[in-house]
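Quick look at what TrEMBL annotates:
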COMPBIAS  637-650  compositional bias 'Polar residues'
COMPBIAS  661-672  compositional bias 'Polar residues'
DOMAIN    53-161  domain 'Cadherin'
DOMAIN    162-269  domain 'Cadherin'
DOMAIN    319-425  domain 'Cadherin'
DOMAIN    432-544  domain 'Cadherin'
REGION    637-672  region 'Disordered'
TRANSMEM  552-575  transmembrane segment
């Protein structure tokens with residue numbers, strides 16, 4: 001049972017930077033059957049020196065750089081781990097710089113030069129420093145790099161990143177060339193001093209540079225190598241932006257790239273056979289083999305899943321049950337006005353939703369249409385606010401299950417008004433051949449209302465608010481018009497020597513944007529008596545107007561029609577009263593013979609038997625002179641292949657279904 005080393009072990013070759021480093025094994029014992037897992041941890045020794053990428057580093061630092069500026073230095077690499085790995089850096093003594101050692105997220109160390117005293121190129125053109133890297137072994141191992149610093153004249157504006165740390169996530173096994181992040185920096189300098197070049201900072205490990213590529217012009221960081229979540233879950237990419245000045249200004253940023261796990265590892269089943277063959281008399285419960293299942297993926301990607309099939313048990317749901325949409329009138333046909341959205345947590349066809357309009361109103365189907373797949377509601381024609389203000393419809397959302405489940409959503413479309421109608425003048429009538437003249441007597445005091453301009457606007461709200469303005473007048477000092485009423489008033493007392501005729505042009509304007517307007521012309525006569533005004537008006541009418549007698553004929557026609565209508569009303573009233581009295585007398589005389597065969601009826605056009613059973617309905621056809629009419633009784637309706645027929649007999653026998661039809665609009669009730 002002894003565990004022996006079969007060959008020389010190199011921890012760095014087996015595990016690299018991974019710590020702790022262990023090798024796993026399994027041991028099977030028989031009689032009794034048992035399985036044990038074991039692991040051998042490989043401990044590190046300090047057998048590797050720190051190594052710098054190069055033996056010399058060169059920096060160019062402007063003399064204008066302020067104290068406190070930081071300059072990253074090349075990091076040394078030590079393959080040992082733990083205390084034997086790289087632990088610190090030391091800088092040779094100098095009056096200008098101190099060393100600041102930082103720790104990365106993975107525990108590794110890097111150094112930055114911090115300017116403690118400003119440089120002066122005229123005093124010292126260059127500096128030589130020595131950077132030493134030390135590990136934590138006993139005794140410690142070390143490495144050295146020569147740092148040569150050139151002091152040059154200043155490029156006084158260094159690039160500046162819009163953020164110091166960028167965060168991005170990318171799925172493992174992402175193909176090469178995929179964009180991870182885009183860094184951006186700006187430089188206030190002009191010309192080459194303001195042109196920026198992006199590059200990897202010296203802090204970025206070589207492994208990271210193999211996985212990512214950086215575009216020096218655009219700052220786009222893209223995948224270059226093969227990312228593996230199981231190897232590294234987070235990458236720290238250190239980047240810098242440098243301008244093209246004689247002494248380049250440098251800015252630094254960090255990109256944290258999180259690797260997202262994908263299910264790229266199949267479960268591994270390990271079968272450990274205990275003994276074979278199995279005896280035929282083996283007892284139930286005998287262990288034949290041991291099975292172990294492992295998956296290198298994380299979280300859900302590493303489980304053994306049991307799939308549950310979906311049933312259509314969820315109806316579509318929307319975030320709101322009704323939608324209100326406002327559309328300007330005179331719209332362009334075919335525009336989308338609403339996107340109805342719904343969700344269904346079911347899978348596959350059970351969760352596939354289609355949208356349709358329920359055809360409750362045929363008008364809606366001609367004006368609106370909905371995309372079955374996206375739920376976008378389209379307006380097919382141009383709407384007019386003055387024609388209809390509101391449309392209501394129902395959108396049905398249906399899934400693809402069997403049977404399908406549906407949800408109805410209410411949609412109200414409101415047509416908002418545009419100022420597309422100018423004011424319409426009702427009085428005085430525009431473009432009329434007749435002349436309307438209002439008369440006012442001399443001596444009329446100021447403030448007297450002479451007439452009123454009446455107008456309407458088919459628009460609504462503010463667009464229909466009409467204002468009236470006096471545009472032209474024979475005497476602008478004599479009349480004024482109400483701004484919102486259209487009423488024309490005298491502004492002063494009328495004198496005897498006023499002009500006999502005045503013509504006013506009134507401007508009517510609504511308050512839409514842009515405003516629409518119309519005009520009305522008002523004629524006002526200044527006369528002592530109406531006769532004088534009419535005389536003046538007659539003088540204005542042409543002497544041979546063929547329509548001068550039209551008014552007389554119209555008045556005569558109105559009088560004749562009114563007289564005829566009055567006579568007709570009186571006659572109908574007298575006739576109705578006469579017939580009602582005859583019907584009442586007939587009902588009183590025939591009350592004792594109500595259930596007998598109907599005899600001849602006199603002095604009545606139609607009588608309905610109010611006491612007949614519900615299944616009897618008589619029909620009597622009588623002429624205006626009912627004394628000479630015959631009683632026509634219809635037989636009951638009978639079904640036939642050609643439909644319902646009615647057989648008419650010229651006799652007085654009542655059938656099981658008859659109807660009485662006459663000319664009287666009102667029949668006596670049994671109580672009468």
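Think of each number as a place in line: the chain as shown, counted from 1.
For all residues, glycine too, the Cβ spot is worked out from N, Cα and C.
Break the domain 'Cadherin' (162-269) down by DSSP state and the numbers are 10 helix, 48 strand, 50 coil. Counting C-beta pairs under 8 angstroms (sequence separation of 6 or more), the domain 'Cadherin' (319-425) fails to reach the domain 'Cadherin' (162-269), with fewer than 3 such pairs. Each residue of the domain 'Cadherin' (319-425) gets a DSSP state, and the totals for helix, strand and coil are 10 helix, 48 strand, 49 coil. For the domain 'Cadherin' (432-544), the DSSP counts in helix, strand and coil order read 15 helix, 44 strand, 54 coil.
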